[in-house]
Structures are given as structure tokens and as C-alpha cells.
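TrEMBL has this to say about the protein:
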TRANSMEM  6-22  transmembrane segment
TRANSMEM  51-72  transmembrane segment
TRANSMEM  78-104  transmembrane segment
TRANSMEM  116-138  transmembrane segment
TRANSMEM  150-173  transmembrane segment
TRANSMEM  185-208  transmembrane segment
TRANSMEM  228-255  transmembrane segment
TRANSMEM  287-305  transmembrane segment
TRANSMEM  317-336  transmembrane segment
TRANSMEM  356-373  transmembrane segment
Amino acid sequence: MIVCWGFLLVEALLLVEINVGLRRMRGKNEDESELEVISIRTMAQETLGDWGETLATITYVFLGYTSMIAYSSKSGEILFHLVNLPESVSSCLFTTIFTMLISVGGTRATDQVNQWLTASMIGLLLAIEVIAVAFGGWSGLEGSGDWGKVPATIPVMIFALVYHDLAPVLCAYLGGDLKRLRASVLLGSIVPLLALLVWDAIALGLSAQAGQVVDPVELLMSERWSGVSYLVEVFSLLAVATSLIGTLLGFLEFFKEQLKNLSRDSKPTRTLQEPVGMGGWWARNKISFTAMAMAVAPTLVVSTIVPDAFSAATDIAGGYCMTMLYGVLPPAMAWAMYNREREDTSQNELSRVRPALLGVGIFAGGIVVEQILQDFSALHP
């Protein structure tokens, strides 16, 4: 878990450096009234060329949909247990609420809501972990772990720890301030890491007590004190909500950027008079609503008609999409940027950076290869 966290931290810092570098080249600053986000696709296009743009676009769209499907499907399952609302209805309602929050409230209102949800989630997690430790579920470093099963869990670890889809939005939100961005990435990633490490120790301890492979969440929810079950369900819902907000925020901005680019290319001339009334309102908001429909509609359809979509979507997103997009591409983009700016950079700095970029890229490629081998072995046992 710590190795995956360190790997993802390096990748996130690379993304921030690349994004801020491109923002400075374009002359963007924090005084702009509307956030101008430079998406992963644009970053790949300007550093790697057309092939990088194509790879980033395909991977990011696939990742966005698989992540959204996973969160929407899980929210329906949790709400069914909490309020006995059908999964298809509850998942659609849950996803729609947060979509409207982002579309109507904007980035700053969404940030305020997300901060409140995150604080509540951390408080509930601490309460659950205290109860679990009191129940005797703390194993420390002496749990019944099986290192041979680690490779199969790497996609889930990456899925749980990834926050890189927010990097372009964060760079725009903080105005390209590298000092604040680095602090945000470091501190923001340590909190879930510590929570997951404590939870892993508890999970191993509870599983050892059960004497068989069993979901530690089910063990907690089977406790006589009914409050544990409620806490676990609400915590799970908050975890899905905060993850959905981050993914949806980045996904919507990605589609907005592509639609704005298409709109500029297709506009032959500028009209002398702007439309008024409903026509003017639609002209100002059509890109936002179109992006919202493109991101959310396929998600709701798939999560509604595909049973147990969460597990399949998690494996695909963590094992392939996230590793390619946030593992393989960032070192390649950074390498290309350093090559392009070679005249302004000392050779000594290049010689120090390149081995690190190569090492991170090889590690990411190894994860993809391992996932391919895992899937082939599952198909042909």
C-alpha cells in the first residue's frame, strides 16, 4: 500500500509540474473569472503529439466511465440497504444530485460541500476503527496476511488511492501556485493512506478471528450493536460521494474543454448581436449541459442494466486505465517536455531527472503487464 502511494505521489507531482508549465506557456493566471482547465488530453497533445493525444483521450474517457459506473453502482447498493430504495432508482438519484451540484453550484460551492463530506467521512472512519479495535480487530503487523495474493490486489489499491483526475482542476483552482499545489497533493494523499493502513490492520485481524476469508465489513455489521451497521453504511456512502465528486468534476471539465474547442473550430464568424431570452440562456449554458449529459447518461444506463458492475469496473479502471493514464503517460510527457526545453535546462539537471522518470515508467508498465497476466490466468486456470 505504501509503495503504491509513493508511486502515485510521484506521478501526481509530475502531472502538476507539466500542467503548471503549460499554463505558464499559455499565460494563464489565477485572476481569471472562470476556471480554464488544461485537461490530460491537452497535456498529452502538447508534449507527445497526436499519438499521445489519442492514447490519453481513449484511456481517459474509458477510465471516466468505468469509475463513474463503479461509484454509481455502489451508491445504489448502499442506499438500498439504508433506505430500502431500489438500486436502479437510488443510484440514478444519487448521481444526479451531485451532477446538479457541480453544474449549478460550480467548483467553489462543490469544494465547500466536498470539504464537509470529507470531514464527516473521516470522523465516521475514526469511530468505526475505534469500535473495531475495541472488538479485538487490531492485528498490527502480525495479521494473517498472504503476500502471494498482493499482485491481484494492486488494481484495488490504485483505485482506492488515485486522485490524479483532479490534478488539472486543482492546478486551475490554485492558479498554478506550485508551492500550494505540492502541499495539497502531499497532505491530501497522506490522509487516505493512513486511514487505509489502519483499516487494513483491522481487516486482517477480523479475518483471522473469523478463521476464513470473509469481508471485514460484514463482520462489523453483524455485531449486536446495531449502530455499527449504520455507521459503516453511512461512511461507505460518504466515501463514494467524495470519490464521485472528484471524478465527475474532472470528467465534466474534460468534456467542456473538448466541446469548447469544437465550438471554436466550427464558428465561421462572430455574430454582431448575442441572442436574448431562452436562446441567450441556452447559448451560455449549452456546453455545460451537453458535457453533463455526455458524462452521466451512459453511466446511469450501464450501472442500471449491468449487475455487480462495481467489481468489474474497479478492476478495469485500476488495473489498466489508471495505470496507463496516471502511471505510463506522466513520465513520458515529462521526458518530452525536458527534451523540448533542453536549451533552457542544464544537462546535469536532465541527467538527474531522466533515470527517475524511466524508473517510474517501468514500474507503471510492470503493473499493466502483471494485470494482463492475472487476467489471462483467470481466463485459463
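Every residue, even glycine, has its Cβ placed from backbone N, Cα and C.
Keep in mind that what you see is a predicted model, and the values were worked out from it rather than measured.
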Highest-contact recorded stretch vs the transmembrane segment (78-104), from 6-22, 228-255, 287-305, 356-373, CB pairs under 8 Å: 228-255
The transmembrane segment (228-255) touching the transmembrane segment (317-336) per 3+ Cβ pairs under 8 Å rule: no
Candidates 6-22, 116-138, 356-373; stretch with most C-beta pairs under 8 Å toward the transmembrane segment (150-173): 6-22
Segment-segment contact (the transmembrane segment (287-305); the transmembrane segment (51-72)) at 3 or more Cβ pairs under 8 Å: yes
Whether the transmembrane segment (51-72) meets the transmembrane segment (185-208): three or more C-beta pairs under 8 angstroms: no
Intrachain neighbours beyond the transmembrane segment (356-373), with Cβ under 8 angstroms and 6 or more residues off its ends: 7, 10-11, 14, 151, 154-155, 158, 319-320, 323-324, 327-328, 330-332, 334-335
